[in-house]
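One structure is given here, and the rest of the page talks about it.
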Number of protein chains: 2
Amino acid sequence: MPDKVLDDISHRRYNPLNGSWLLVSPHRTKRPWQGQQEAPSKTKLPSYDPKCYLCPGNQRAQGDSNPQYQNAFAFVNDYSAVKEEQQEYKPEIKEDDVASLLLQAQPATGRCYVLTFSSKHDTTLADMSAKEILPVIQTWSRIYASHLSPSHPLKAEAAHVLETIPANADGEVDPPKKQLRYMQIFENKGAAMGCSNPHPHCQIWTTSTLPEEPGKEMAQMTKYKAEHGRHLLQDYAKLEAEKGERVVWQNDAFLVVCPWWAVWPFEVLVIAKRHVRALIDLTDDERLQFAEAIQEVTRRYDNLFETNFPYSSGLHQAPLDCTEEEAEASWFHMHFYPPLLRSATVRKFLVGYEMLGEPQRDITPEQAAARLRDCGGELYRKSLE
Amino acid sequence: MPDKVLDDISHRRYNPLNGSWLLVSPHRTKRPWQGQQEAPSKTKLPSYDPKCYLCPGNQRAQGDSNPQYQNAFAFVNDYSAVKEEQQEYKPEIKEDDVASLLLQAQPATGRCYVLTFSSKHDTTLADMSAKEILPVIQTWSRIYASHLSPSHPLKAEAAHVLETIPANADGEVDPPKKQLRYMQIFENKGAAMGCSNPHPHCQIWTTSTLPEEPGKEMAQMTKYKAEHGRHLLQDYAKLEAEKGERVVWQNDAFLVVCPWWAVWPFEVLVIAKRHVRALIDLTDDERLQFAEAIQEVTRRYDNLFETNFPYSSGLHQAPLDCTEEEAEASWFHMHFYPPLLRSATVRKFLVGYEMLGEPQRDITPEQAAARLRDCGGELYRKSLE
Ligand SMILES: [Zn+2]
Ligand SMILES: [Zn+2]
C-alpha cells in the first residue's frame, strides 16, 4: 500500500477543492520549540459581562442597545467591512492600457451582521447541546433565505424555510434593497485568532461580489462535475467514508474529516453526504444532525488540549444570487481552521516559507484524525466544575 | 480622477502577480480595538548568547559546532522540512479512479539551509549598513549559482558569479548530488511571526518541486508576456514610478513600493527595474544597490513604530532548473510581509473572513506608502544609545 509511505517521507498533497498544493513533512514532528507560546486560557468568565457589547441589554459602540434576547440574536455590524451606500466607482478601462491591466479595482458593497450564539457570555458551541445549537442554524437558514435573490433557483426552498421555521422571537434582520451576491457566515474564536470578544458569536458578511475562496471552490467543483459527471465532494465524502483513516465522526447526514489536503494541524471539513446546495436544502432532521456535527467538532477540539480551542470556521454554499449551474455545482460544507499544534500553548504560524513558497504541515491529517477520534468523551470542563 | 474615490469606498483590488483579489475597506480604520496586543520588544539582547545555536562557536542541536564565523555563515538545517534521501513513492494512477483524482500526492525532496546575517546576536538588517548587508547578498548569489542546473539558461552567469565573487571565508555549502528545482530564500523575523531565535538569519529551502507561490507568479508573468509582449513587473515598476503615490523609495536599480494589491498593512515589494532574472544577473554595483534597498526597507520598518519590526520576507527569481522560457519569464523581486498594523502592539491577523472569503485590509497601500516614505531618517535606536 503506497499510502503508508507518506507517514515517513516529505511529500506534497493536492487540494482539489481550491486547486493548490501544500508540503507535508511528517518526519519533522520531533523538532524542538524555542519560540512564542500562547498563554493557556484559564480565566473563568462571568455569564454576564456589563462591558460586553454582545451581552443582552448592553449598549453597543454606536449607541444601540441589545434587547434581552434568548439565543441567536442578529444585528448589523457597527464597523462593517463593506458599506451599502457609497460613491460610484467606474474606472475607464482602456484596451491594453497598462494602468487598466495592473491597477484593477472594482467597487464592493454589502452589509455585515453579528450573530450571537447564546445570551450567556461564557458559553461556547462546545458547551452547548445539539438542541441548543439548533436555533443558531435555524437563524442562519432564515437569514440566508431572506437574502436570496427572487430569481434564485432555490427560491422555493427559501420560501419553505421562511414558512416552516418559526421567526426568531428576538427579532429578525431585513435584507438590504440591493440584491447581494454572496453570504459568508464565519466564526472567529479566541485571542489566538485575534478575536476581540469571548462572547459566543459569528459574523455574516454579505457582499456584492463572490469572494476568492468560494469562487475558487466553485470553479474547481464545476470543472470536476463537467469532467466526471459526479460532484467532487460527493465522491470525496464517499471515498473518505470507505477509507476511514481521516474520518473523525459521522452521522447519517454529515461526514467530519481531517481532509487529505489539510493545512492547519487539526483542520476539519464537515461535508453534507447528499447533495445539499445551501442551508435551505436541509430538512428539519438534517439541521439537527448538522448541529450535532458542530457539537462533536467543537467539543473534541476543546478536549484535545483541555483548553478553549481557538479556530476560524465558516460555511460554503450556493451564492445568494446565482445561475442554475452555479447552484447545481454548490455542495454545502463547513471548514474549521484551528491554529493549535501540540498543546494549548504551542501554535502554528502561517509565515515564512508558507507565505513565500507554499503551506507546510508536520503531523499528517491521518494522525490528526486519529487524535480527534479519540477525544470524543464528555467536555473536559464538566468534570472540573 | 476616479482613483481618489478608492480612499473612501469599500472595493476589491486585483493582484495580477498571483491572480487573486482582496477586499479593501478604507472607511474602517476608525474601529476600536479590544483584542490581543503584542508586547513591545524592549528587551536588550546581548551581542553573544551562549545558548543561541546560531552564535559563533556554539553547539547546534545535532552536535555540530559553529565556526568563529564573521558574517554570512550557512549550514544545513538540522530539522529540514524536506529530506534528500527517502523511500520512493510512486502511486498507481488509474484513469478516472476517484482516489487517484482526490488523494493526489507527490514526493518532495530537497535540502534546507540556515544562513546567518551577522555574527552578532543582537544585530538586524536594520542595524547594518548596505556594505555590511552586501556579504549576505554575495553568499545568496554564490549558493544560488552553485545549486544551478548544469543545463540552465543562466549557466554562464552562474560561472561568472562563482569566478568573480570571492568564496565565503567562513566556508561554503556544496550542492546535493540530485538536481533540485527551486531555491526559496526567506527570512522570518520576530516572535509575532513565530520565529524562535532573534539571531539575524534567513532560511534557504531548496526543493525538487516548484512551490505554489512562485509557480502562480510564473504562470501569471508568462501569460502577461505572451499577451502584451512586455514583462508584467517591467510594466508595473514603470507605472508605479510614474504614479509615485505607492513608491516608498528607489535607486537606479530597484523600486520599493507598497503594491496596489498589498494584503498586509505595510507590505512592500522590491522590484528590479531592468530584466534581472535571478540573483546571478546582478552586477557588482546592483548587488550593492539591492543591499541599499533592503537597508531602506528594514530601517523604515523599525522607525515606523519605533520597534524591532517583525516580518516574513523572501526572494522570487528563476528556478534552479528551468526552461529558457521560464528563465525569460522570471523577474527578480523581493516581498516583505509584516503583520503590524497601528503600533508595536497591534497586529493584523489573517483569520475569519480572510481564510473563508478573501484577504481584507483597512488602510490603503497609498496611505501605507506615505507613512513609510516619511520615516526614512536615522534608525530610531541610534539616538537612544
Ligand atoms: Zn469551502
Ligand atoms: Zn513573488
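The count begins at 1 with the first shown residue.
Glycine residues also receive a Cβ, built from the backbone N, Cα and C atoms like all the rest.
Sequence annotations record features per position, and here TrEMBL assigns domain 'Galactose-1-phosphate uridyl transferase N-terminal' to B:7-211. What TrEMBL records for B:28-31, B:Ala61, B:77-78, B:Asn188, B:194-196, B:Gln203, B:348-349, B:353-354, B:Gln360 is UDP-alpha-D-glucose binding site. Annotation source TrEMBL lists Zn(2+) binding site at B:Cys52, B:Cys55, B:His121, B:His199. Among the features that TrEMBL reports, active site, tele-UMP-histidine intermediate is placed at B:His201. Marked as Fe cation binding site by TrEMBL: B:Glu217, B:His316, B:His333, B:His335. Summarising the annotation, TrEMBL assigns domain 'Galactose-1-phosphate uridyl transferase C-terminal' to B:218-374.
Feature map: TrEMBL annotations on the structure.
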residue: B:Arg28; record: UDP-alpha-D-glucose binding site; DSSP (3 states): helix
residue: B:Cys52; record: Zn(2+) binding site; DSSP (3 states): coil
residue: B:Asp78; record: UDP-alpha-D-glucose binding site; DSSP (3 states): coil
residue: B:His121; record: Zn(2+) binding site; DSSP (3 states): coil
residue: B:His201; record: active site, tele-UMP-histidine intermediate; DSSP (3 states): strand
residue: B:Glu217; record: Fe cation binding site; DSSP (3 states): helix
residue: B:His333; record: Fe cation binding site; DSSP (3 states): strand
residue: B:Glu354; record: UDP-alpha-D-glucose binding site; DSSP (3 states): helix
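B:Cys195 (UDP-alpha-D-glucose binding site) sits 10 Å from the residue listed as 'active site, tele-UMP-histidine intermediate', taking the C-alpha atoms as the reference points. Taking B:Cys52, B:His121, B:Glu217, B:His316, B:Lys348 as the binding-site residues under consideration, the smallest Cα distance to B:His201 (active site, tele-UMP-histidine intermediate) is found for B:His121. Among the recorded positions B:Cys55, B:His121, B:His199, B:His201, none has a Cβ sitting under 8 Å from a Cβ of chain A. For B:His121 (Zn(2+) binding site), the count of additional Cβ atoms within 10 Å of its Cβ stands at 22 [all protein chains shown]. For B:His199 (Zn(2+) binding site), the same-chain residues that are 6 or more apart in sequence and have a Cβ closer than 8 Å to its Cβ are B:Asp49, B:Cys52, B:Leu54, B:Cys55, B:Thr116, B:His121. Among the binding-site residues B:Arg28, B:Asp78, B:His121, B:Glu217, B:His316, the ones whose Cβ sits under 6 Å from an atom of ligand 2 are, in sequence order, B:Glu217, B:His316. Cβ neighbours of B:His316 (Fe cation binding site) (same chain, under 8 Å, six or more residues apart in sequence): B:Glu213, B:Pro214, B:Glu217, B:Ser330, B:Phe332, B:His333, B:Met334, B:His335.
Sequence-distant neighbours of B:Lys348 (UDP-alpha-D-glucose binding site) (same chain, six or more apart, CB under 8 Å from its CB) are B:Trp264, B:Pro265, B:Pro339, B:Leu340, B:Leu341, B:Arg361, listed in sequence order. Taking the centroid of the Cβ atoms of B:Cys52, B:Cys55, B:His121, B:His199 as the Zn(2+) site, the other same-chain residues with Cβ within 8 Å of it are B:Tyr48, B:Asp49, B:Tyr53, B:Leu54, B:Asn58, B:Lys120, B:Asn197, B:Pro198. For the recorded site, B:Cys195 (UDP-alpha-D-glucose binding site), the DSSP three-state label reads coil.
Here the recorded positions are B:Arg28, B:His201, B:His333, B:His335, and the one whose Cβ sees the fewest other Cβ atoms within 10 Å is B:Arg28. Here B:Asp78 (UDP-alpha-D-glucose binding site) comes close to B:Arg60, B:Ala61, B:Gln62, B:Asp64: these same-chain residues lie at least six apart in sequence, with C-beta atoms under 8 angstroms from its C-beta. The Cβ of B:Glu354 (UDP-alpha-D-glucose binding site) lies under 8 Å from the Cβ of B:Gln360, each of which sits 6+ residues away along the same chain. For B:Cys195 (UDP-alpha-D-glucose binding site), other Cβ atoms within 10 Å of its Cβ number 22. The DSSP secondary structure for B:Lys348 (UDP-alpha-D-glucose binding site) is coil. Per-residue confidence over the domain 'Galactose-1-phosphate uridyl transferase C-terminal' (B:218-374) averages 96 (mean pLDDT, predicted model). Counted over every protein chain shown, other Cβ atoms within 10 Å are most numerous around B:Glu217 among the binding-site residues B:Cys52, B:Cys55, B:Glu217.
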